[in-house]
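See structure below.
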Amino acid sequence: MEPSYIFLTMAVTLLSMPPTGFGQGTTRVGFYSKTCPRAESIVKSTVESHFRSNPAIAPGLLRMHFHDCFVNGCDGSVLIDGPNTERKAVQNSLLRGFDVIDEAKAKLEAACPGVVSCADILALAARDSVVLTKGINWKVPTGRRDGKVSLQSDAAKLPGFTDSIESQKQQFARFGLNTQDLVTLVGGHTIGTAACLVFNYRLNNFTNGGPDPTINPSFLPQLRSLCPQNGNNFRRVDLDTGSANKFDTSFFTNLKNGRGVLESDQKLWTDASTRTFVQQFLGEKGVRKLNFGKEFAKSMVKMSNIGVKTGSNSEIRRVCSAIN
C-alpha cells in the first residue's frame, strides 16, 4: 500500500465525540493551530528521526497508544514512570518508544511551554508511525489533557493474547468500539513483533500433547525454529510473517492461512463473527469489500477519543514521565 492521505472531515466531526459514558471532553482537528502551530510537525520530525535508525519504533508507538487508551482512556498515563505505575505492569514491560515521546515533549516545551499534552503527542506519533510504514495518513483530532493517575493494577484491563473473541468483544464494547473496530485495530499487528513468551505455549503441549490445531502445519516448523523449547523467551518474531515492516493487509492473509502468531489474532479467522470482516478486508468474493486503510483511520480516531480528560482531574504535563 502506497502512502495516501484521507481527509475524514465528516468522520472526524462525528468520531471526535467520545463514546457516551467514556469521555468527558472533546477533541478537534487543528487544536494547536494558534497556540502551537508547529506541534504536529515537531512530533512528526522526531518520530521520523528515530524511525530512520530503528524502524521497530513505529509498531512500538502504535501499540503504546493502544495500551494507553485501553486503561482509563487516552490520557498519557502509560507514560508516567515510577513504582506501581502502568508502565511497570507486565502487560507493558515490552513497550518501546518512551524516549521518542520524551524527546518530542522536550522540543515542544521549548517551542510552546505548557501547551501540548503528552496524550496528544502519543496520538500523533501513532499516526505518524503508520504513515512511515507505508500506511494511510489521517487527520488526528487533538485537545486531550494528561491524566494524573497511573496504577500498575489497572493494566489488567488490557486485552490478553489468550482471550476469546467474546472476551475481546466485551473489552472493546465497554469503550464504545464494535466488532469491526476490534478486527480493524487488531489489524495494526501488520507491523511489529511479539516475544516468544507470548505464543510459544501454542507450539507444544497445547492440546493433548500437540500444538495448537489452528496453526498451519507448514508454519509450525518455522515458529519452532524461532522459538525452540527452553530457548530465548524474549526473542522477537514478526507478527505478520513476510511483511512485518509494511502496513498492509497481508496480516489478514496470514490469518486466513493459519499463520497467525498470537492465539488471539488467529481467532479472528476461526470465529465466524469476526471472520467476515477479515474476508472483507481481503476483498473476497461474496462479501462487501472494505478498505483496510480507511477503516483503520476511522477506528483509530474513534479509539483515540476514549476517556478524554478535562478539568481538575487532568493537566498538561511538563515532562511526560512525571505528574506535575
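Cβ from N, Cα, C; glycine included.
According to TrEMBL, the signal peptide annotation covers 1-23. The feature disulfide bond is assigned by TrEMBL to Cys36-Cys112, Cys69-Cys74, Cys118-Cys320, Cys196-Cys227. Feature annotation from TrEMBL assigns substrate binding site to Pro159. Annotation comment: TrEMBL describes Thr190, Asp240, Asp248 as Ca(2+) 2 binding site.
The C-beta environment of Cys69 (disulfide bond), restricted to residues of the same chain at least 6 apart in sequence and closer than 8 Å, consists of Phe175, Met303, Ser304, Ile306, Gly307. With every protein chain in view, the residue among the binding-site residues Asp240, Asp248 whose Cβ has the most Cβ partners within 10 Å turns out to be Asp240. Most buried of the recorded positions Cys112, Pro159, Thr190, Cys196, Cys320, judged by other Cβ atoms within 10 Å, is Thr190. Comparing the disulfide-bonded residues Cys36, Cys118 by how many other C-beta atoms lie within 10 angstroms of each C-beta, the top residue is Cys118. Cys118 (disulfide bond) and Cys196 (disulfide bond) are 31 Å apart (CA-CA, integer value). Those residues of the chain, other than Thr190, Asp240, Asp248, with a C-beta within 8 angstroms of the mean position of the Ca(2+) 2 site C-beta atoms are Gly187, His189, Ile191, Ser243, Ala244, Lys246, Phe247, Thr249, Ser250, Phe251. Every protein chain shown contributes to the tally, and the Cβ of Cys74 (disulfide bond) ends up with 30 other Cβ atoms within 10 Å.
For the pair Cys74 (disulfide bond) and Asp248 (Ca(2+) 2 binding site), the Cα-Cα distance reads 25 Å.
Over all protein chains present, the Cβ of Cys227 (disulfide bond) has 24 other Cβ atoms lying within 10 Å. Note: the CA-CA distance between Cys112 (disulfide bond) and Thr190 (Ca(2+) 2 binding site) rounds to 35 Å. For Cys320 (disulfide bond), the nearest neighbour among the binding-site residues Thr190, Asp240, Asp248, judged by Cα separation, is Thr190. For Cys36 (disulfide bond) paired with Asp248 (Ca(2+) 2 binding site), the C-alpha to C-alpha distance reads 33 Å.
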